[in-house]
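See structure below.
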Amino acid sequence: MLSEEIRQLFLEFFEKKGHKILPSASLIPDDPQLMFTVAGMVPFKPIFWGKVDPVYPRVTTCQKCIRTTDIENVGRTPRHHTFFEMLGNFSFGDYFKREAIEWAWEFVTQVLKIPEERLWISVYEEDEEAYDIWRKIGVSSNKIVKLGKEDNFWGPAGPTGPCGPDTEIFYDTGKEVPITDGKEPNPGNTEGRFVEIWNLVFTEYYQDENGQLLPLKRKNIDTGAGLERIAAMMQGVYYNFDTDLFLPIINRITDVLNVEYGRDEKHDVSIRVIADHIRALVFLISDGVFPSNEGRGYILRRILRRAARHGKMLGSEKPFLHNIVDAVVEKMGKIYPEIVEKQSFVKEIIYGEEERFLQNLNKGLDIVDKIVKETGGKIDGEAAFKLYDTYGFPLDILRDLANENGYILDEEGFNKYMEQQRKKAREAAGEVEFSERTDYETLDISTKFVGYDVLSTNARVLKIRTEKFVDEVKDVECELILDETPFYPEKGGQVADKGVIKGKNGEFVVTNVYVPVEGIIVHKGKLKGKIRVGDAIFASVDEKKRKATARNHTATHLLHAALRKVLGTHVRQAGSLVAPERLRFDFTHYAALTKEEIEKIEKMVNEKILEAIDVNTKVMSYDEAIKNGAMALFEEKYGDKVRVVRIRDFSEELCGGTHVKNTGEIGLFKIISESSVSAGVRRIEAITGFASLTYLENLETNWKKIKEELDATDENVFVKIEKLKEGIKQLELKIKEIQKNMINIKQILNNVQIENEIKYLVYEFEGVEQNTLRDLADKLIDRGVDLVVFFNKQGDKVILIVKRKKTFEKLHAGNIAKSLSKILDGGGGGRPDFAQAGGKDVSKINEAKSKLIEILREC
């Protein structure tokens, strides 16, 4: 049975049981505590947590998921994956254990027709109710294994929250494996033989701060069945990679790389890694994740680099992953149309990123070789971090190299350096460590945001948090939750408001505002004085900063629209930062913008500012907004009701941020830089309002200084610059002539040596023009020298020139230059008769000279 049929049968089965079929949610969850959607229940987490009422009491999905915690096992084991599909059925306060168990058994035995003798069950050792249900539907007691909390009890996700026992269905593959306790093999004592195909979680408790389990008013069902595992079971194979979900991709890999699958285990591991990782790459990029050095983008980059390295291990020396994309789309595009829509774009991103990485990989591998030679096979934490930070060399690739070659890798030291860097980045960005905020999910409170209409309001303190929730604080850094607030929290690329919260006995300076869970707005800052839960306060936003941020946010919308009009509709937002001082906008585009394009975009935005257009906002249904032409952004999540920001017929986007009421308030828009973020993603940084005025004033000041230095006017300043350039050019020519005259060919010829019947000459120079040395090398060859090697020091770098007699074919100048430059921590090469290279380590020139003699002796 093919995977398409399994997927369809599952969804249709539960639809007949009264479930609503919902499409897969994005891999980017609407949850600040999660990097990716890691399970089928993630989109329903607010319902399980009691924060949101369900629209449907029963739903069923096939959810695309990403997990990278065990990435080093992918390809080496039968069932580890980064990207996978999870089939699931969910009940929100509707049916419970009996129906969940009966329907799961019915689907497996009657729809999939798996022989009952091949199935085993595990239950939580204290869950007699689940055990009795399994017995009543006919499962014999010797096929039910009672396991402890570690195996059959789910949650909570943090110290507190919903949780409950679970029961699992296992498939017996019949594989002969060792038994841990000497008894009959079962899922509790045997590794590798029994495959878990379905987990049924009964969320019936809430664990409080004391670890006590309290019964939930609304009990829920959360089940998950891995499609890849079920496909392997139905297709009679042990490895998920041998199913129809992977074989078409594996076949494309073997065709592209000209390798065979199934003959060499080491090669097979690499092929399986690539097959798994390319699926993850296609789906992540299609869902709006782009390569970067932080967050989701870093995980994407890590997956891509790992796949690229395994390609290199299979003999690939150039980008190839983009050629595998079509196989993924052909296999899964009918189920997930978003990967068809983004197919070309995904290939562009993958190609560019892989091309860059391969360039750095080769440099990194050379450095690793150098390190292990010098240290006897040890890579310390500082060296590992430098490889990562300077060359983008991932730790998992270093780990693979260490495992393959027996090197000692100091991961603990690397992690210390890495954490130092992350701490600096967090401090610079004011980032909130959401992983430490799980206790906010326990709160049954909410904050009303009033900041669209007012910048100050009276409110009441609902909660105070330091390390934990407290009733009163004095003179500390802490976090406050109010019943209502004018402070806009950091989200959607817009930075949080700053300002002050004043109480009767204290003043709280707000430094950051964020949303740890839906409906709660947290104010982070420093308190001078006292404040208590229940206090009446006055919350006031910094008006100057808010207005500057609003100018930049509306300008970002104008910029987005202008980019699409000038460059094309392929342009999509790929990230943004909207702050009071500036705006940063990342967008999808394949090439650097020309000077003319930048000028055209800037002019278009300023025209809309001068037109003084009203900026309108309206709340409507998501479907209505999209139908009306509003743009939804890649990474943003939207509820049933959305806020649409419209600037006449020029721009219309879904956006929850703060904006000016009229474009005229922006004043002036000025692009200050355009650059590359990653393959296929460009970045524009710009300023507006008073910041652009200050920028222009600085330009004018510098312009006046230039005129003063040149004793010039507006009319003749460029004429004077041209005269200066011409004068410099003439002086450079004179310097070259002087250098030529200073070089004594006869004196240099005294340094000719003979090795292995080869007349060679090695000479060091400092700061000599390269063309002068090339001419000199030609003259020395004409004087009968077989090989000329020049080391030309340029500050802390060195340029290498290698020239040989054209008829002297047993020497190859390009290969010599390549070997010597590697010692000098550089690179280069060239033709058999002439080559040029560079190096960064002038202290290794003598070592390079010794290497040259070795090369000559071996000729």
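Counting starts with 1 at the first residue shown.
Glycine is no exception: its Cβ is also placed from the backbone N, Cα and C atoms.
Sequence annotations record features per position, and here Swiss-Prot assigns Zn(2+) binding site to H553, H557, C655, H659.
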Cβ atoms near C655 (Zn(2+) binding site) (within 10 Å, other residues, all chains):
26
Across every protein chain in view, the count of C-beta atoms other than its own within 10 A of the C-beta of H659 (Zn(2+) binding site) is 25
May I have the list of same-chain residues other than H553, H557, C655, H659 whose Cβ is within 8 Å of the Cβ centroid of the recorded Zn(2+) site, in sequence order?
A550, T554, T556, V578, V615, V645, E653, G657, T658
Can you tell me the three-state DSSP label for H553 (Zn(2+) binding site)?
helix
Simplified DSSP label at H659 (Zn(2+) binding site) comes out coil
